[in-house]
Every structure is written in C-alpha cells, then in structure tokens.
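Have a look at the structure below, then the notes.
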Amino acid sequence: MHVLRLVSTGTTSGFRHLLVVTCLAGLANAALLGMINQAAERAALASPFDGEALLIYICLFGFFFLADRASLREANQLVQHRLEALRLRVVGKLRRVDLRTLENLGQGEIFATVAQEINHLSQSLPLLVSAAQSLFLLAFCLLYIATLSLIAFLVVTGFTALGLALFWLRRRKLDHELMRVHGQEAEMLDTLAHFTKGFQEIRLNGDKNDALFRRFTQVVDDLQNRVVGVGGKWVVLLQFGNAFLYALVGAVIFILPLFFQGYTDVIYKITAAAIFCVGPVTAITAAAPLYTKADMGLGHVARLEQRLNLKRGPMPVVTKSRFAGFSTIACRDLGFSYRDEAGETTFTSGPLDLTLTRGETVFVVGGNGSGKSTAMKLLCGLYTPDTGTIEVDGTVIGDSERQDYRELFAAVFADFHLFDRLYGLDDIDPDRVQALITRMELTDKVSFVQGRFSTTILSTGQRKRLAMIVALLQDRDIYLFDEWAADQDAHFRELFYTVLLPELKQRGKTVLAVTHDDRFWHCCDRRLSMDLGVLTAETGGTA
Ligand SMILES: Nc1ncnc2c1ncn2[C@@H]1O[C@H](COP(=O)(O)OP(=O)(O)OP(=O)(O)O)[C@@H](O)[C@H]1O
C-alpha cells in the first residue's frame, strides 16, 4: 500500500496521466493479442492473406510502442519526482528533531533508510510499471475470454484470483524476514563506519583490525544468509505461481470441455487467451519481490518519519532571536535523563538552579563524566528538559519558544562538526573572514574562497580555531565552549583565556566555557563545579 500511496499522493495530475498511458499501453497490448489470435484462426482455416489486418496490426503495434514508452517514461519521472519530495520531507523533519531523538535513531538506521532504501526505490519502482501494464493486460484477456464464454471467464477469473490471493498471503509471511534484513543492513553500515572512523586505530593495531574484520565478516555473513533465505522463499513462491498457471491452462483445455456443450467450438480461442494470461501473470508474480521490497522500503521510511514526527520542533528561524539582548536567563530545577532502550535511566543531569546574566563569563569545571557537556546541551535547548524550566527575562521557554531560544547561542562543542561553508552567513564580508583567519594564524593553511573554506583537513587544534572563527562570525549573545582550549598549544590557550574571552565580555557577550585548565580558572566571573550531574559549588573569579 505504501507504493500506491507514494505515487497517488501529491499532485494527482501526474498519477492520472500515468494511469491513462499505462491503460492505453495495456489496451493496445490486449488488442495486439486479440489480432494474433484471429490471424492464427484464419491461418488454421487456410484463409487468404489479409492486407488490411496486417495494416491494423502494424498501426496497433506502433500505438502500443509509443504508449508503452510514454508509460515507462511517465512512471520514471513521477517516481523520481515523488522520491525526491520524500527525501526532502524526511531530511526536512530530521533537521528539526530533538537532539536526543537523533542520538537514539543512530546513523546506520538513518543512512540505511534515507540513502540506501530510497536509492533502491529509485531503481526498482519504475520497473513496476511493466507489472501494472500486465495487470491491465490480464484484465483485458479476461474480458476477451468473457466474450467467448461466460463459464470459462468465471473459471479462469476464479482460478487467477485464487492463485494471486494465495500468492499474496504467502508473500506476506516474508515481511518479517525482510524487516530483519533491513535491521541487519543498518548494523552492517554501522560496522562499516568503524573502518573509516576508526581507521587510524585499526591500522596501528593488527589484532584490533582483524577482530573488527571478523566482526564485519560475521555481520555480512548473517546478512547474506538472511538474504539468501529470503531469496529461496521467493523462488518457492514464484514456482508456486508458475505451477498454478499451468494448472489453470490444463483445467481450461482438459476439464472444461467435458462439462459444457458447444464449448469445444471456442476451445482453441479460450486456450490461446488463457495462455496469454500466463505472460501477464508471470510478469506480475516476477515483479512481486520488487514490489514487496519497495513497499517495505517505503514502510521503513514511514516508520522513520513517525519517529521524527514525535519530537519535532518548529522550523528553524532565520531571523534574529526574539530573545536577543536578554538580561538574565534563569534555570529552575532543570533536569534531564539519558535512558537506554529499555527506558532505564543511565545518567541524570540536574536538578540545575542557575542564573546567567548578560555579559558574564562563567566557567564550568568538574571531573570526567560529571555531566558538564550534558548540562551545556540542556542549557542551550538542544536537549528538552524532563523537569524544571528555563526563563529568559521572565518568559518561560516552552516548545514554541525553544528554537528562538537556541538562536541565542553559538557553540563549539567537544564533538563539533566543521562545515566547509558558512551556512546561514551568506552575506558575510569575505575580508572579515580572512581577517579572523589571519588572527587565528591559519593563513598558510586555509583561505576563504567563493563562500567556502579551501579545506577543513587540519590538525585538531587548527580545526577548533576554524570552528572558533565560525562561532565568532555568528555574533550570537551567548557563547558555549566545551574544552575549546584543550587541544590548543600554550600560545593559543593563553590567547583564548586572556584575549578572546575578555574581548567577548567587552562586547557584552555571555560566555559559558567548560574547562579543565586550572591555571586560568581566575579568568572568569564565576566558576561552577559539577559532580554527578549537579552543581556542587560556585566560586568567584577575577575577570
Ligand atoms: N549521548 C549520550 N547518550 C547517553 N549517555 C550519554 C550521552 N552523552 C553522555 N552520556 C553519559 O552522561 C554522562 C555525563 O557525560 P558528559 O559528557 O556530560 O560528561 P562531561 O562532564 O562533559 O565529561 P568529560 O569531562 O569527560 O567531557 C556520562 O556518564 C555519559 O556516559
């Protein structure tokens, strides 16, 4: 049903057009078969050559050829168009979800669904149009049989419907297997990602490399076994379809004549028509695996969409945050928990009670795993709090305010991503960018040309400096830095604490910086200590 929904939703004119040309192609095909039948009958009766019939045959063939081509082209166009819309819709939802939803989904699942499944669909769906044509052809063949003998029509239709229904029921049993194939494909993609993301580690350690490869081999083996198993079940199903067809033709030829008087007059015509049914029914059954896979693929996309629908915020605002120029942000009893798949809490951040004032520089310190990064993501609205509130100048941040609130922040997280372009800063003055590149001493490494950085392949410290440039260009009210200085040399560490942070303060920016650099702990207005997800102490600084 997902396939039908995909092609029939959206603008209906494309679907109607496809339906008309496919129907015409099927009609022309049926007419051709009818003519062949008649010609065979005439030849059997040794009738003279019929030039007019030949001309009609050629015209019909020409018509069929054009309609068939139009139908395949239309189907391809329609399907690609709908798939593009689907891809955009899913990614459109993806970019609006809660960070936690995205973390729970996992990259393998997203890639297996959005990239792999939709790519499969883009290749397999247009091929299904031949099966759709066969459906029309089958309907016309049956109608033709009806004009010859009503009883034969009922028998053939009954047989065909029974065969297709049995086929369909048995096919549905494969759905569960196909679901597991999808899950294993996602697992395979996740394991594959370890080879690229962990390449350095596996090249340094042969045992690790071998063990990962063994794991990958096992995952691929399991996947292959399941795919082979599913393929075997398809073969049995297709054989069942073929056997059923020959049983049908046998019944028409051998059994029906025994019961009906006069039937034998038209027996060869009905037999020929029943044999014509073999082609379309075979085409339909052969397309069934393709259809099933396509329907499953669209089912996965639909399920992914459902999960994305659950925690979707409003569209990102492109204008300035309505909270820009805030005076205070107050967090009261703010709490958030990570939960595993079973719903068990694995770590709780908070309850946090904290007030941030415009223009202050606040350091957050604490041991590894004490919850500093989690608290940052909670504070800037990336995680939706389970309990408590965030208030900006007395306005409580609810779901409808959250995106506007997020727009107050520019951040360089510990797990930051560096984009090659300054997305969202289209009108930026290139000289400003170049000036910051010079300031961050990256001129011999990176340049800003035609709206993009010449490279992002840099050392970790250099990448963080480039990320800092991007954050500074964003010119937001609040800056979050999660251990920015950790990867910098002594010179840039000094520059960060004693020049960049004071400059931001001077410009009225609020800074929240996670740091382990106790040598610079005095360079702040306040220092918050964290342990086990809660604030344990607050100390004054000298900034
Ligand atoms: N995405 C996540 N999903 C589930 N649990 C997480 C996630 N990120 C962090 N945690 C858990 O939350 C706890 C706090 O992690 P967090 O990264 O906030 O600590 P941190 O104080 O920033 O540590 P560090 O100083 O090592 O960076 C850890 O126990 C970690 O296992």
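Using N, Cα and C of the backbone, Cβ positions are placed for all residues, glycine too.
Features as listed in TrEMBL:
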type	residues	note
DOMAIN	18-293	domain 'ABC transmembrane type-1'
TRANSMEM	54-72	transmembrane segment
TRANSMEM	125-145	transmembrane segment
TRANSMEM	151-169	transmembrane segment
TRANSMEM	243-260	transmembrane segment
TRANSMEM	266-291	transmembrane segment
DOMAIN	329-543	domain 'ABC transporter'
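Using the rule of three or more Cβ pairs under 8 Å, pairs at least 6 apart in sequence, the transmembrane segment (151-169) is not in contact with the transmembrane segment (54-72).
Ranking 54-72, 125-145, 243-260 by CB pairs under 8 A with the transmembrane segment (266-291) puts 125-145 at the top. As a whole-number mean, the pLDDT of the domain 'ABC transporter' (329-543) in this prediction is 92.
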